[in-house]
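Heads up, the thing below is written out as structure tokens.
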Amino acid sequence: MAHYHNDYKKNDEVEFVRTGYGKDMVKVLHIQRDGKYHSIKEVATSVQLTLSSKKDYLHGDNSDIIPTDTIKNTVHALAKFKGIKSIEAFAVNICQHFLSSFNHVIRTQVYVEEIPWKRLEKNGVKHVHAFIHTPTGTHFCEVEQLRSGPPVIHSGIKDLKVLKTTQSGFEGFIKDQFTTLPEVKDRCFAAQVYCKWRYHQCRDVDFEATWDTIRDVVLEKFAGPYDKGEYSPSVQKTLYDIQVVSLSQVPEIDDMEISLPNIHYFNIDMSKMGLINKEEVLLPLDNPYGKITGTVKRKLSSRL
């Protein structure tokens, strides 16, 4: 039978690397009413706090613990007091509240994602209080702030599915004894975009306009001109083009990470049915899938 040593306070064989606790997926719908014209923000927020002491871990002493239920209530109260102008501003408000209210909180991390509601509109007329859920990319942000420093803000896009039926190929790759993939000059190209960028300065930044700009760049570089498209020789090239254009158009951001899971669509062989299928009927395959990633940052000389 194993024997367990209970006097953990004398254990000098381990040390803390990082600690934190908090509340995940705190959901809020905030309604801004300007007469009969209403605006909404629905968000899911996760908060992590790091404390200056470790006595809760070492000794089970909870005297420094801010209950996670209190963290949840604080998120709700800040939505009431501050509103949600942007998810980035809301996350910064949460960080600064805990750092200013509790001297023993030394680090805050807040993740917020926005549920994609869009105001109903018809013939250029916007509805005053009705919205439709439009899953065309989720806006999220991550804000971290230490007691001794300013907030570090990342924003991003996820769950943005895109597909084009031509103007994509894949040729010239390495072939060995295990290669069965044929070269192709024309194929479907589909991906689920994950894109995250870091702001090097946040003063007077319009976070929502920046998000819209980068989302537009993603779509424009993926699709190309509306009348003819733009050829993509590889997922990697499209990924890099998105990053270069984004950093050139948005001077407030310093780096950008993109992940493009390559969603495969394969031509279905109908020859046994006596049919010729010329890339008209394709089979979507969820797994396995290719995953292409890349992170770029501004060169130091370009920041000066």
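The backbone N, Cα and C atoms fix where each Cβ goes, and this holds for glycine too.
Binding of urate is attributed by Swiss-Prot to T68, D69, F170, R187, V235, Q236, and the same site annotation extends, among N62, N93, N262, to N262. Reduced to three states, the DSSP call for K36 (N6-acetyllysine) is coil. Local packing around the Cβ, expressed as the count of other Cβ atoms within 10 angstroms, is greatest for K23 among the recorded positions K23, K27, K185, K228. The recorded positions listed here are K36, K122, K175, R187; among them, R187 has the most other Cβ atoms within 10 Å of its own Cβ.
According to DSSP, V235 (urate binding site) is assigned to a helical segment. Ranked by how many other Cβ atoms sit within 10 Å of their Cβ, the recorded positions K164, H264, K278 place K278 at the bottom.
Closest in space to N262 (urate binding site), of the modified residues given as S39, K164, K185, is K164, taking the CA atom of each residue.
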